[in-house]
């Protein structure tokens, strides 16, 4: 049996991971659950899964969790708190694989801890690659960590890669593997056909609905602005060592075809699956083998003639274009982009700014800050903090 630490267990990816584990209790068990401050869900998960450790980033949340577990009779679960303990649980010798699903820059340190311990990392945290992709892929090679992407698009590309590319992720050029380009699909978000003039009136409640996927509030807004796809573009650049000319983004509202790989010999491999995150999670957990999975629906071959594809108009999605521009600029620019976006989205969710203000805030922060590329995690966090401070000052004016 293989043991897991789940970073971000109370979020949508964490819940989906636990769902896969519950279908395969003969193959996997939970060593530790880690979350920020959602005590209610963490309590339920601890009672259901009986991990050896439960860690809350918030000390106050950890105290409440401990009381809840004592009340529930779960005396054998050790409750910890803080980022340091999260890092320890991600790197301990008692763990075979780590699900990195903490949303935002908060997932950076625990994920790097797992990396430096040579773990099998199921990478769902976009920000690790967006903010530290160069450093992360370099150290993945150094510590021989196995990186398996969880985002449906990157997971789909990974499945369509030749074994040599899978085994040397980020180090082998696509052209050397006979690949001419990779294609990521994008649903276009909930406001795909909404006239531009109406976007200023969009509410957080409207933006937090995704047409195909079940996701958290922040990621749902990122999907609506298409920043999510911009971040995925940056991820793909690092994960697959791809040049800008080797990546294409294609609008596909149904989210059935997740990615395509074009080979130089004329072959095109497309990956199709229902929009259910348990599918890429199960693939990554079992890799290089495969395991069965009970899902509510499967692909109906007769439905395929109803699928739609279209070119992406970057002008309609300013957040996406900002991500492309930042990636073309520098690693520090993508750190600033990510930090400014997190603050802008939070401000929108709190109704401090409008939906269409989000790209304006990001653009102003990018224009205001110019720092050297990071050499280590502390540099990343410094640049991130400076960008957040600037974004906050803009949002509260």
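Cβ atoms are placed via backbone N, Cα and C, with glycine included.
Within 38, 155, 241, the residue that Swiss-Prot lists together with 10, 11, 12, 13, 125, 127, 216 for binding NADPH is 38. Record check, Swiss-Prot: Mn(2+) site residues include 151, 153, and the candidate from 59, 78, 88, 232 also listed there is 232. A simple Cβ count within 10 Å picks out one of the binding-site residues 11, 12, 38, 151 as the most packed, and that one is 151. The shortest Cα-Cα distance from residue 127 (NADPH binding site) to any of the binding-site residues (151, 153, 232) is found for 232. Counting only same-chain residues at least 6 apart in sequence, those with a Cβ under 8 Å from the Cβ of residue 232 (1-deoxy-D-xylulose 5-phosphate binding site) are 126, 151, 153, 154, 184.
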